[in-house]
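Here is what TrEMBL records for this protein:
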type	residues	note
BINDING	71, 353, 395, 425	Mn(2+) binding site
BINDING	110, 267, 268, 290, 321	phosphoenolpyruvate binding site
Ligand SMILES: O=C[C@H](O)[C@H](O)COP(=O)(O)O
Ligand SMILES: C=C(OP(=O)(O)O)C(=O)O
């Protein structure tokens, strides 16, 4: 394969790359990336192609994406319990959607690599002390002291190893029996079972049980339900890391970023002439771009032109994050222009990032009602235009945290301090995630 067919995987180096850490020692970065480049792949090209096929189904209106996980994964969180709880939430949500909305659900974790964060400000000030902002465990530490906040390239290696551990757990849980549909009740134990959403889920799980028994009686093979397909994803933010994990697939001769199945470009780094768009246009994974409320229809078309010029179905998803107050005005012009162009795009709604605000206590938070309203707006817009609402992208955790307000337990702003554990943005807890899944299933059913 010639360089021109592969494209120049290093052309991004001469372009402006926003949101990159300031590393002290370029030699150390070179040594670390050389070590990363020698590590085994985390995912395989064939798996990325399979996800692209699944996303092509989404483009055609035949499937729905459920993408979610932490805002920022942490090295401490790469353990069996935390990973299992997140997967359990994803599986429960997926079951609600599959059963109640009768749609195949493409399950993608914001997991096994979501260790780097873009920030609004490069520094954080507390009590008159100014330090570099926390940029995710792949870059620096969360602790507010100079040593923790120093950008340390060795953390890139740790991010790779924690991604490997997490993905290994995900593969084991999703293929080794834990995700078996006959376990629907087992995912609903602990605190969530007693929440209103948990009780509603239990009812649905009972119906699934009966349906499975019926199918078995009809001669269906119950082992068909033994495992589920699960894919990993993260924001492709740290270009040195992504480049070091990009390999030429020996079968096709094409480059794949083997750090995750699906990579996305963030709202802050989607400049057409920027390094992120340049780098991602060369890799063959399915990719996404976040689109905020300032995106113009021409921006969307230009991104399509750069990132999916051949119009490959499933290659490109637009993950819109407009905010509840903007979605009904900001989304239609984008969809209309893209539809007129005939370009195949999967439209995914991120109802989190346009709805963040600071509570009087100083906690960054989101109202579940705003999240639900943005999702409702997303469905309304698609229904009005006759296009397919392709999925949701959310930040959640499997734990009983108090980071977003609202939900069946009426979590108030004054409750936020109780279990506020996120390393960056506020996540839905398990009950709130299930509330959302039931609402999405209902909206989907009505729009189908
Ligand atoms: O997760 C997204 C971004 O990293 C985050 O919203 C930026 O947050 P900041 O405004 O606190 O920097
Ligand atoms: C930073 C993120 O979102 P956005 O780029 O949409 O702000 C994110 O999803 O972590």
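Backbone N, Cα and C define each Cβ position, glycine as well.
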Are any of the binding-site residues 267, 353, 395 near ligand 2, with a Cβ under 6 Å from it, and if so which?
267, 353
Distance from residue 353 (Mn(2+) binding site) back to residue 321 (phosphoenolpyruvate binding site), taken between C-alpha atoms, in Å:
6
List the Cα distance (Å, whole number) between residue 353 (Mn(2+) binding site) and residue 290 (phosphoenolpyruvate binding site).
10
Taking the Cβ of each of the binding-site residues and counting other Cβ atoms inside 10 Å, which one has the highest number: 267, 395, 425?
395
What residue among the binding-site residues 110, 268, 290, 321, 353 has the most other CB atoms lying within 10 A of its CB?
110
Spatial separation of residue 290 (phosphoenolpyruvate binding site) from residue 71 (Mn(2+) binding site) - C-alpha basis, Å:
14
With the Cβ under 6 Å from ligand 1 as the test, give me the qualifying entries from the binding-site residues 110, 267, 321, 395.
none
Over all pairs within 110, 267, 268, 290, 321, the annotated phosphoenolpyruvate binders, what is the largest Cα to Cα distance, rounded to whole Å?
18
Give me the Cα-Cα distance between residue 110 (phosphoenolpyruvate binding site) and residue 395 (Mn(2+) binding site), rounded to a whole Å.
8
How big is the Cα-to-Cα gap, in Å, between residue 290 (phosphoenolpyruvate binding site) and residue 425 (Mn(2+) binding site)?
16
